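Before any comments, here is the structure.
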(Lines of atoms letter the chains of each structure in order from A and count residues from 1; the text may use other names and numbers.)
(Lines give C-alpha, C1' and ligand atoms only; values in the text may rest on other atoms or scores of the structure.)
Protein backbone atom coordinates (compact mmCIF):
# COMPACT_ATOMS: atom_id res chain seq x y z
CA UNK A 1 0.00 0.00 0.00
CA UNK A 2 1.37 3.39 -0.94
CA UNK A 3 0.78 6.32 1.38
CA UNK A 4 0.49 9.59 -0.41
CA UNK A 5 1.65 11.68 2.54
CA UNK A 6 4.84 9.75 3.32
CA UNK A 7 8.14 11.61 3.37
CA UNK A 8 10.96 9.14 2.91
CA UNK A 9 14.06 11.30 2.61
CA UNK A 10 15.13 14.43 4.49
CA UNK A 11 11.71 15.55 5.71
CA UNK A 12 11.09 19.10 6.92
CA UNK A 13 9.63 19.34 10.42
CA UNK A 14 7.55 22.19 11.81
CA UNK A 15 8.45 23.42 15.28
CA UNK A 16 5.74 24.91 17.49
CA UNK A 17 5.52 27.93 19.73
CA UNK A 18 2.88 28.44 22.40
CA UNK A 19 -0.46 27.74 20.66
CA UNK A 20 -2.90 30.64 20.68
CA UNK A 21 -0.24 33.10 21.81
CA UNK A 22 1.46 33.72 18.46
CA UNK A 23 0.57 37.43 18.61
CA UNK A 24 2.58 37.77 21.83
CA UNK A 25 5.60 35.72 20.76
CA UNK A 26 7.99 38.67 20.96
CA UNK A 27 6.90 39.30 24.55
CA UNK A 28 7.11 35.60 25.35
CA UNK A 29 10.69 35.59 24.10
CA UNK A 30 11.73 38.15 26.75
CA UNK A 31 11.76 35.64 29.66
CA UNK A 32 13.45 33.10 27.37
CA UNK A 33 16.09 35.70 26.48
CA UNK A 34 16.67 36.47 30.16
CA UNK A 35 17.02 32.75 30.96
CA UNK A 36 19.53 32.32 28.12
CA UNK A 37 21.42 35.41 29.29
CA UNK A 38 21.67 34.20 32.88
CA UNK A 39 22.51 30.61 31.85
CA UNK A 40 25.22 31.46 29.33
CA UNK A 41 26.80 34.38 31.20
CA UNK A 42 26.54 32.65 34.59
CA UNK A 43 28.15 29.39 33.47
CA UNK A 44 30.85 31.24 31.53
CA UNK A 45 31.57 33.29 34.65
CA UNK A 46 31.96 30.16 36.79
CA UNK A 47 34.27 28.59 34.20
CA UNK A 48 36.39 31.75 34.05
CA UNK A 49 36.60 31.99 37.85
CA UNK A 50 37.68 28.35 38.22
CA UNK A 51 40.22 28.66 35.42
CA UNK A 52 41.84 31.89 36.65
CA UNK A 53 41.80 31.13 40.39
CA UNK A 54 44.48 28.59 41.23
CA UNK A 55 42.99 27.99 44.68
CA UNK A 56 39.98 26.45 42.95
CA UNK A 57 42.04 23.95 40.96
CA UNK A 58 40.78 20.99 42.97
CA UNK A 59 38.62 17.94 42.13
CA UNK A 60 35.43 19.49 43.55
CA UNK A 61 35.73 22.56 41.32
CA UNK A 62 36.80 20.51 38.31
CA UNK A 63 33.46 18.74 38.65
CA UNK A 64 31.68 22.08 39.01
CA UNK A 65 33.34 23.31 35.82
CA UNK A 66 32.18 20.13 34.06
CA UNK A 67 28.63 20.84 35.24
CA UNK A 68 28.90 24.41 33.95
CA UNK A 69 30.15 23.17 30.56
CA UNK A 70 27.23 20.75 30.37
CA UNK A 71 24.71 23.48 31.21
CA UNK A 72 26.34 25.74 28.65
CA UNK A 73 26.05 23.06 25.96
CA UNK A 74 22.41 22.42 26.85
CA UNK A 75 21.58 26.11 26.53
CA UNK A 76 23.38 26.53 23.21
CA UNK A 77 21.67 23.40 21.81
CA UNK A 78 18.19 24.94 22.03
CA UNK A 79 19.16 28.53 21.27
CA UNK A 80 19.04 28.55 17.41
CA UNK A 81 15.51 27.16 16.99
CA UNK A 82 14.06 29.08 19.94
CA UNK A 83 15.38 32.39 18.60
CA UNK A 84 14.25 31.44 15.09
CA UNK A 85 10.68 30.77 16.23
CA UNK A 86 10.08 33.62 18.66
CA UNK A 87 12.09 36.34 16.95
CA UNK A 88 12.13 35.53 13.23
CA UNK A 89 8.92 33.45 12.99
CA UNK A 90 10.89 30.61 11.36
CA UNK A 91 9.34 27.29 12.36
CA UNK A 92 10.82 24.84 9.82
CA UNK A 93 13.82 22.65 10.45
CA UNK A 94 15.50 20.13 8.14
CA UNK A 95 15.72 16.55 9.32
CA UNK A 96 19.53 16.62 9.48
CA UNK A 97 19.51 19.73 11.68
CA UNK A 98 16.80 18.14 13.82
CA UNK A 99 18.96 15.03 14.27
CA UNK A 100 21.94 17.11 15.36
CA UNK A 101 19.85 19.14 17.80
CA UNK A 102 18.18 16.15 19.45
CA UNK A 103 21.55 14.39 19.69
CA UNK A 104 23.06 17.41 21.47
CA UNK A 105 20.08 17.95 23.79
CA UNK A 106 19.88 14.31 24.92
CA UNK A 107 23.68 13.98 25.13
CA UNK A 108 24.05 16.99 27.41
CA UNK A 109 21.08 15.82 29.50
CA UNK A 110 22.74 12.44 30.07
CA UNK A 111 26.04 14.20 30.78
CA UNK A 112 24.44 16.41 33.42
CA UNK A 113 22.89 13.40 35.12
CA UNK A 114 26.27 11.66 35.21
CA UNK A 115 28.07 14.76 36.48
CA UNK A 116 25.58 15.10 39.34
CA UNK A 117 26.19 11.44 40.20
CA UNK A 118 29.96 11.92 40.33
CA UNK A 119 29.50 15.07 42.43
CA UNK A 120 27.35 13.10 44.89
CA UNK A 121 30.15 10.52 45.22
CA UNK A 122 32.59 13.39 45.81
CA UNK A 123 30.38 14.70 48.65
CA UNK A 124 30.01 11.16 50.04
CA UNK A 125 33.77 10.67 50.25
CA UNK A 126 34.32 14.18 51.66
CA UNK A 127 31.83 13.63 54.52
CA UNK A 128 31.99 9.89 55.18
CA UNK A 129 35.75 9.38 54.58
CA UNK A 130 37.36 12.82 54.99
CA UNK A 131 40.82 11.47 55.87
CA UNK A 132 40.95 9.45 52.65
CA UNK A 133 39.46 12.15 50.41
CA UNK A 134 42.74 13.34 48.91
CA UNK A 135 43.72 9.74 48.17
CA UNK A 136 40.42 8.64 46.60
CA UNK A 137 39.44 11.85 44.78
CA UNK A 138 42.47 12.97 42.77
CA UNK A 139 42.72 15.31 39.82
CA UNK A 140 43.78 12.49 37.51
CA UNK A 141 40.81 10.35 38.48
CA UNK A 142 38.43 13.27 38.01
CA UNK A 143 39.77 13.78 34.49
CA UNK A 144 39.26 10.09 33.66
CA UNK A 145 35.77 10.11 35.10
CA UNK A 146 35.05 13.31 33.19
CA UNK A 147 35.99 11.65 29.91
CA UNK A 148 33.66 8.73 30.70
CA UNK A 149 30.88 11.17 31.56
CA UNK A 150 31.36 13.05 28.28
CA UNK A 151 31.41 9.90 26.16
CA UNK A 152 28.63 7.90 27.86
CA UNK A 153 25.64 9.80 26.48
CA UNK A 154 26.78 10.42 22.89
CA UNK A 155 28.02 6.85 22.36
CA UNK A 156 24.77 5.37 23.68
CA UNK A 157 22.63 7.75 21.58
CA UNK A 158 24.30 7.15 18.22
CA UNK A 159 22.28 4.02 17.23
CA UNK A 160 18.77 5.42 17.78
CA UNK A 161 19.57 8.84 16.35
CA UNK A 162 21.11 7.40 13.17
CA UNK A 163 18.29 4.89 12.80
CA UNK A 164 15.75 7.73 12.54
CA UNK A 165 17.05 8.52 9.05
CA UNK A 166 15.95 5.10 7.81
CA UNK A 167 12.31 5.66 8.79
CA UNK A 168 9.62 7.10 6.49
CA UNK A 169 7.51 9.86 8.04
CA UNK A 170 3.87 10.58 7.29
CA UNK A 171 1.10 12.94 8.24
CA UNK A 172 1.64 16.51 9.40
CA UNK A 173 5.26 16.67 10.54
CA UNK A 174 4.52 19.01 13.43
CA UNK A 175 6.51 18.89 16.67
CA UNK A 176 4.95 20.28 19.84
CA UNK A 177 8.12 21.99 21.08
CA UNK A 178 10.46 24.69 19.83
CA UNK A 179 13.24 22.08 19.55
CA UNK A 180 13.64 18.46 18.47
CA UNK A 181 13.32 15.58 20.92
CA UNK A 182 13.65 11.90 20.03
CA UNK A 183 10.41 10.88 21.75
CA UNK A 184 8.48 13.27 19.54
CA UNK A 185 10.14 12.60 16.20
CA UNK A 186 9.77 8.83 16.61
CA UNK A 187 5.98 9.18 16.91
CA UNK A 188 5.83 10.64 13.39
CA UNK A 189 7.38 7.56 11.77
CA UNK A 190 5.08 5.36 9.65
CA UNK A 191 6.80 2.07 10.48
CA UNK A 192 7.29 -0.12 13.51
CA UNK A 193 9.61 1.72 15.93
CA UNK A 194 9.69 -0.88 18.69
CA UNK A 195 13.48 -1.04 18.74
CA UNK A 196 13.86 2.71 19.16
CA UNK A 197 11.18 2.79 21.85
CA UNK A 198 12.68 -0.08 23.85
CA UNK A 199 16.25 1.12 23.36
CA UNK A 200 15.31 4.65 24.42
CA UNK A 201 13.46 3.37 27.49
CA UNK A 202 16.39 1.12 28.45
CA UNK A 203 18.78 4.01 27.96
CA UNK A 204 16.81 6.23 30.33
CA UNK A 205 16.45 3.45 32.93
CA UNK A 206 20.12 2.42 32.93
CA UNK A 207 21.52 5.95 32.82
CA UNK A 208 19.31 8.67 34.27
CA UNK A 209 17.19 6.50 36.59
CA UNK A 210 20.21 4.52 37.77
CA UNK A 211 22.07 7.79 38.38
CA UNK A 212 19.16 9.04 40.49
CA UNK A 213 19.08 5.82 42.56
CA UNK A 214 22.84 6.00 43.18
CA UNK A 215 22.60 9.68 44.14
CA UNK A 216 19.84 8.82 46.63
CA UNK A 217 22.02 6.00 47.98
CA UNK A 218 24.96 8.40 48.41
CA UNK A 219 22.82 10.83 50.35
CA UNK A 220 21.46 8.08 52.57
CA UNK A 221 25.05 7.30 53.64
CA UNK A 222 25.76 11.02 54.01
CA UNK A 223 22.71 11.53 56.25
CA UNK A 224 23.65 8.49 58.33
CA UNK A 225 27.18 9.87 58.85
CA UNK A 226 25.96 13.42 59.59
CA UNK A 227 23.43 12.11 62.12
CA UNK A 228 26.26 10.39 63.97
CA UNK A 229 28.26 13.58 64.52
CA UNK A 230 28.59 14.76 68.10
CA UNK A 231 27.09 18.26 68.00
CA UNK A 232 24.31 19.88 66.02
CA UNK A 233 26.71 22.58 64.86
CA UNK A 234 28.97 19.96 63.28
CA UNK A 235 25.96 18.33 61.64
CA UNK A 236 24.83 21.61 60.12
CA UNK A 237 28.33 22.51 58.97
CA UNK A 238 28.84 19.10 57.34
CA UNK A 239 25.50 19.06 55.56
CA UNK A 240 25.92 22.65 54.33
CA UNK A 241 28.71 21.42 52.06
CA UNK A 242 26.04 19.39 50.20
CA UNK A 243 23.30 22.02 49.86
CA UNK A 244 24.48 23.40 46.50
CA UNK A 245 24.70 19.94 44.97
CA UNK A 246 21.40 18.84 46.48
CA UNK A 247 19.66 21.92 45.00
CA UNK A 248 21.22 21.16 41.59
CA UNK A 249 19.94 17.56 41.79
CA UNK A 250 16.40 18.72 42.58
CA UNK A 251 16.47 21.40 39.87
CA UNK A 252 17.48 18.80 37.27
CA UNK A 253 15.53 15.68 38.23
CA UNK A 254 12.20 17.20 39.34
CA UNK A 255 11.44 18.83 35.94
CA UNK A 256 12.68 15.70 34.15
CA UNK A 257 10.27 13.56 36.18
CA UNK A 258 7.44 15.99 35.48
CA UNK A 259 8.14 15.94 31.74
CA UNK A 260 8.25 12.13 31.71
CA UNK A 261 4.91 11.94 33.54
CA UNK A 262 3.32 14.40 31.12
CA UNK A 263 4.57 12.43 28.10
CA UNK A 264 3.45 9.14 29.65
CA UNK A 265 0.11 9.99 31.26
CA UNK A 266 -0.81 13.43 29.91
CA UNK A 267 -1.49 12.62 26.27
CA UNK A 268 -4.82 14.47 26.54
CA UNK A 269 -3.30 17.46 28.29
CA UNK A 270 -3.28 20.80 26.45
CA UNK A 271 -0.22 21.34 24.20
CA UNK A 272 0.78 24.29 26.35
CA UNK A 273 1.38 21.91 29.28
CA UNK A 274 3.82 19.81 27.23
CA UNK A 275 5.57 22.96 26.04
CA UNK A 276 5.82 24.42 29.53
CA UNK A 277 7.24 21.23 31.10
CA UNK A 278 9.79 20.75 28.31
CA UNK A 279 10.91 24.37 28.53
CA UNK A 280 11.25 24.19 32.32
CA UNK A 281 13.28 20.98 32.00
CA UNK A 282 15.71 22.39 29.43
CA UNK A 283 15.94 26.06 30.42
CA UNK A 284 15.64 26.22 34.21
CA UNK A 285 18.58 23.97 35.35
CA UNK A 286 21.23 25.76 33.22
CA UNK A 287 19.90 29.08 34.51
CA UNK A 288 19.64 28.17 38.21
CA UNK A 289 22.80 26.08 38.67
CA UNK A 290 25.26 29.01 38.37
CA UNK A 291 22.99 31.10 40.62
CA UNK A 292 22.86 28.32 43.24
CA UNK A 293 26.62 27.76 43.27
CA UNK A 294 27.33 31.50 43.25
CA UNK A 295 25.18 32.01 46.33
CA UNK A 296 25.84 28.82 48.31
CA UNK A 297 29.57 28.28 47.59
CA UNK A 298 31.70 30.68 49.60
CA UNK A 299 34.77 30.48 47.36
CA UNK A 300 32.78 31.18 44.19
CA UNK A 301 30.88 34.01 45.91
CA UNK A 302 34.13 35.61 47.09
CA UNK A 303 35.66 35.34 43.63
CA UNK A 304 32.62 37.00 42.04
CA UNK A 305 32.60 39.88 44.53
CA UNK A 306 36.32 40.35 43.99
CA UNK A 307 35.86 40.27 40.20
CA UNK A 308 33.05 42.85 40.39
CA UNK A 309 35.20 45.12 42.55
CA UNK A 310 33.24 44.85 45.79
CA UNK A 311 36.20 43.37 47.69
CA UNK A 312 39.18 45.68 47.58
CA UNK A 313 41.55 43.87 49.91
CA UNK A 314 43.01 40.46 49.24
CA UNK A 315 43.65 39.59 52.87
CA UNK A 316 40.43 37.63 53.30
CA UNK A 317 40.71 35.78 50.03
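Count begins at 1; order follows the chain as displayed.
Glycine residues also receive a Cβ, built from the backbone N, Cα and C atoms like all the rest.
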Check: Pick from 179-202, 203-226: which range has transmembrane segment per TrEMBL?
Finding: 203-226
Item checked: Remote residues contacting the transmembrane segment (27-50) - C-beta distance under 8 A, at least 6 residues beyond either end -> 17-18, 21, 56-57, 61-62, 64-65, 68-69, 71-72, 75-76, 79, 82-83, 86-87, 279, 283-284, 286-287, 289-291, 293-294, 300, 303-304, 307
Next item on the list: State the mean pLDDT for the domain 'G-protein coupled receptors family 1 profile' (42-293).
Entry: 89
Check: Most CB pairs under 8 Å with the transmembrane segment (272-292): which of 62-88, 142-164, 203-226?
Finding: 62-88
